[in-house]
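Visitor: Let me give you the structure first, and then I'll get to my questions.
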Amino acid sequence: MHRLSITARSSSVSALLRYGGALRRDVLAPISSSHLTKVGEKDSQARWFSILGSDKSSTIESANHPNLRKDLFLGRRCESTAAESSASSSPPAERYEYQAEVSRLMDLIVNSLYSNKEVFLRELISNASDALDKLRFLSVTEPGLLKEEVDFDIRIQTDKDNGIISITDTGIGMTRQELVDCLGTIAQSGTAKFLKALKDSKDAGGDNNLIGQFGVGFYSAFLVSDRVVVSTKSPKSDKQYVWEGEANASSYTITEETDPEKMIPRGTRLTLYLKRDDKGFAHPERIQKLVKNYSQFVSFPIYTWQEKGFTKEVEVDEDTDEAKKDGQDEKTEKKKKTKTVVEKYWDWELENETQPIWLRNPKEVTKEEYNEFYKKTFNEYLEPLASSHFTTEGEVEFRSILFVPAFAPSGKDDIINPKTKNIRLFVKRVFISDDFDGELFPRYLSFVKGVVDSNDLPLNVSREILQESRIVRIMRKRLVRKAFDMILGISMSENREDYEKFWENFGKHLKLGCIEDRENHKRIAPLLRFFSSQSEEELIGLDEYVENMKPDQKDIYYIASDSVTSAKNTPFLEKLAEKDLEVLFLIDPIDEVAIQNLKSYKEKNFVDISKEDLDLGDKNEEKEKEMKQEFGQTCDWIKKRLGDKVASVQISNRLSSSPCVLVSGKFGWSANMERLMKAQSMGDASSLEFMRSRRVFEINPDHAIIRNLDAAYKTNPDDEDALRAIDLLYDAALVSSGFTPDNPAQLGGKIYEMMGMALTGKWSTHDQFQSTVTQPHIPETVEAEVVEPTEAGGQK
């Protein structure tokens, strides 16, 4: 029996911690000799010493020291300085080695490092791949290692009835001593040791495809197994050895294999006897799925033992009794018929046919190969819109292939769910994870699918967690940059329909990027597309807008609305349309927030034409002064009537055909944003009042209604009809400007009243109208004529 050893053995430090450690710096702590292995100690007596040291001798010769009990309970202050310690001659420090309870340590390794049981197969296949890689490397200088002409492969066979999994490789195998060193020593990696030997040799520059590095991957077998049997044959040895260990055991056995039926020509066979609750892993279909998920791109062929079948036609005998019409009996006739049956058999099936094309030179990979790889890897049936194959070198080295899907998922919920399965992370072709929360790609680029393979990622021992580090941030930055280059390539494609399809599916993602990723505004902005007042049918980009700007135009104008129809008919657009100034239509709910975060593009500020202080570059101060003098008092009269509904009444420079408009203040919500915030199911009513911007009532002095009101103010400012007209004018401006009236019924009543006043007497005279309304219809009384009855034949 061999007892498991630890690479760095020492005593349990719990003895030190129990007596206070750093928390009780002035107390002498007794250390029991049963917990410590004394190094260089002549006497067998127990020693007492202070953890932090003392100005006097730190040892006490006898356990029966008279002051010992007092010191333990009252405490003994031990001050020590650098000068005193250097001046005094203290005895040499005693060195101890850590010890560990092996069964407990094994339990921690198995159940704490790995959160998902199914990774056991990934770890064991990686070990088998390393064994094959070692043999291939060593056989270059030692051809005798390949005297057994056996193919390099990995084979997995299951027995679902008994819950047994067998994993066999034809790699380098292990000798008896290597079994003790590699499987009997926890956290000693044979692969890491082999790599160190390579670095120390002249062949350090060779290709490194070995996966293992921690020395605990083998023990993941105990995640699902009660007992593990390792049968191994090294080409360096004539004998085959069997290692056997059990879960929660502190020992293992090694025996020499003597059964001829269990002999293998070369390599290692692991036999896992599964736990009762984990026997589901022994199903061939489950193993096949795990291999395709985790080890699909391992460089050696992996075979699984699968049940197969083929159809064939077989003859069957069918007995039929036919009786003659005259009732005589006839002999039974046998008719030869065939039927289709499925013949089942068991055979090896190759599971990793798909090659890791990201390891190849991009110039050698065709578009058809990229499309086929995309469909198989991500279970897609449509070809991607674009792909990007690149290798990054420098501080971080990795290879990657990124794809832009043709369509968004049917649910279209990836924009709010940062956790997607679209990026598959590999380390040396072994799948690590596809469950990321924004480590490699930001949320707004979660639709990008791809493969990332690196040899030096900062992984934890279980290879499941991508730890936050500078390397990960560098990787993320380069992946995002490549993704933008790929999308930009679609936008510059000769086929305009490709980017239209992309924008229809993923446009909202890029708009979300304007809000969440300010660092990449310069990359996102050229990709945005909007409708405009001069392009109501086709989307245009910001570059195209800037090219079409007037020579004296300083800003990029936009209006937010719920549709193109309402945007193009808004009164805010009247003067700009006259000047032939293009205005972007923001019709998606996210558009306005995205543009506000973008702020500017190519040194051109974004300006909302529905807000106050709109500058169209045509200010005429003299004319404005004249208008203010002429209509200033009228504006004050209208403001007095409207009261707190508006902050001020001003003369507008944006209207041409409408009498008035209600504009928002510079700061706060626009009419469109106010409408959206009201519609939020979790909206806060108190914040609605706080964020509602000041409203400015702008009037058009050239309009007939405003001139009539001006005349009414100058003749009779208290006229009720004029005041009601102001109220109705405000309500109409409220609706036409995109706001929601507080009392729609009251607005309807005002409209009906004005309609009644306008239509009275238009098609009928006043007298007819009065008689129709005031005189009720009185029916005329008519006497009934009595008719006497007559008999038949005309006689009375």
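Including glycine, each Cβ sits where the backbone N, Cα and C put it.
Dumping what TrEMBL says about this protein:
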- Glu123, Asn127, Asp169, Met174, Ser189, Gly190, Gln213, Phe214, Gly215, Val216, Gly217, Phe218, Thr268, Arg463: ATP binding site (BINDING)
- 315-334: region 'Disordered' (REGION)
- 322-333: compositional bias 'Basic and acidic residues' (COMPBIAS)
Visitor: Which of Glu123, Asp169 has the fewest nearby Cβ atoms, counting only those within 10 Å, among these binding-site residues?
Guide: Glu123
Visitor: Do any residues at least six apart in sequence from Gly217 (ATP binding site), in the same chain, have a Cβ closer than 8 Å to its Cβ, and if so which, in order?
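Guide: Set apart from Gly217 (ATP binding site) by at least 6 residues yet with Cβ under 8 Å, we have Glu123, Leu124, Ser126, Asn127.
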Visitor: Taking the Cβ of Thr268 (ATP binding site) as the reference point, list residues of the same chain whose Cβ is under 8 angstroms away and which are at least six residues distant in sequence.
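Guide: Within the chain, Thr268 (ATP binding site) has Cβ neighbours under 8 Å at Ala128, Ala131, Thr168, Asp169, Gly171, Gly173, Met174, Val230, Ser231, Thr232, Lys233.
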